[in-house]
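Per TrEMBL, the features are:
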type: BINDING; residues: Gly76, Arg81, Leu121, Gln122, Gln138; note: S-adenosyl-L-methionine binding site
Amino acid sequence: MAGPGPKPDAFVSKEDGNKYWDGVEADVNGMLGGLPEKGYGFISNLDLRSSRAFLAKLGIGTGRGRAVVGLALEGGAGIGRVTQGLLLDVAKEVDVIEPNSRFTAGLEKTPGVRSIFNVGLQDWRPENGDKYDLIWVQWCVGHLNDEQLVAFLEQCKSALQPESGIIVFKENMSHRDTDDFDEVDSAVTRTDKSYLSLFKQANLRVVRTELQRGFPEELLAVRSYALMPIDIQA
């Protein structure tokens with residue numbers, strides 16, 4: 001009897017993923033997979049508001065009991081939708097990782113954007129001993145296989161501000177009991193169980209997690225995770 005087939009993440013192809021994004025317009029509609037044009041124009045603002053509230057519960061932001069952090073990093077930034085719509089409000093400076101330089105062209109002279117790394121997440125390495133107070137990664141790690149994702153998490157962990165730095169992952173959840181590969185953009189949608197296992201492999205623990213509320217039921221569920229090194233107590 002034949003054994004189990006390859007895991008969904010085994011089909012992830014950097015080349016195929018890049019080809020998909022090369023054909024995407026450099027605007028919010030393109031970044032969100034065409035959802036705004038399909039009648040979901042409210043998704044971006046709702047997403048940003050929810051993310052702001054999530055950070056506030058971690059003590060990051062403006063207002064009583066919160067603080068603006070010094071340096072943040074956005075992984076898989078695209079055109080900077082999250083950087084400009086959220087991170088520049090809660091951090092004094094922001095670095096971005098985005099392999100497609102066409103997407104980041106509009107960020108080059110944006111006040112507060114410090115460094116732009118036009119490389120894939122799997123190829124990014126922290127520079128000059130930089131330590132980030134906040135690393136935000138959203139809707140992009142499906143383009144990494146499991147091994148690459150753990151390695152990226154370890155790079156992020158090494159670049160966190162000691163004792164206080166936080167990584168936030170915000171990603172779609174598989175609607176099945178298993179991870180799901182999408183041939184269209186060569187990306188894998190993982191289950192909550194898969195993410196928790198990968199976080200553990202990278203010696204990270206979840207200090208807060210929430211499901212996104214307010215998205216239409218026909219869309220995939222979205223979950224946010226706040227992560228810190230296992231040996232750091234929040």
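One-based numbering along the chain as shown.
Heads up, the Cβ atoms here are built off N, Cα and C, so glycines get one too.
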Fewest other C-beta atoms within 10 angstroms, as judged across Gln122, Gln138, which are the binding-site residues: Gln122
DSSP-derived structure type at Gly76 (S-adenosyl-L-methionine binding site), helix or strand or else coil: coil
Cβ atoms near Gly76 (S-adenosyl-L-methionine binding site) (within 10 Å, other residues, all chains): 21
Distant-in-sequence Cβ neighbours of Leu121 (S-adenosyl-L-methionine binding site), under 8 Å, six or more positions away: Gly75, Gly76, Ile97, Val137, Cys140, Val141, His143, Leu144, Gln148, Phe152
Conformational class of Gln138 (S-adenosyl-L-methionine binding site) under the three-state DSSP mapping: strand
Local Cβ density at Arg81 (S-adenosyl-L-methionine binding site) - other Cβ atoms counted within 10 Å: 20
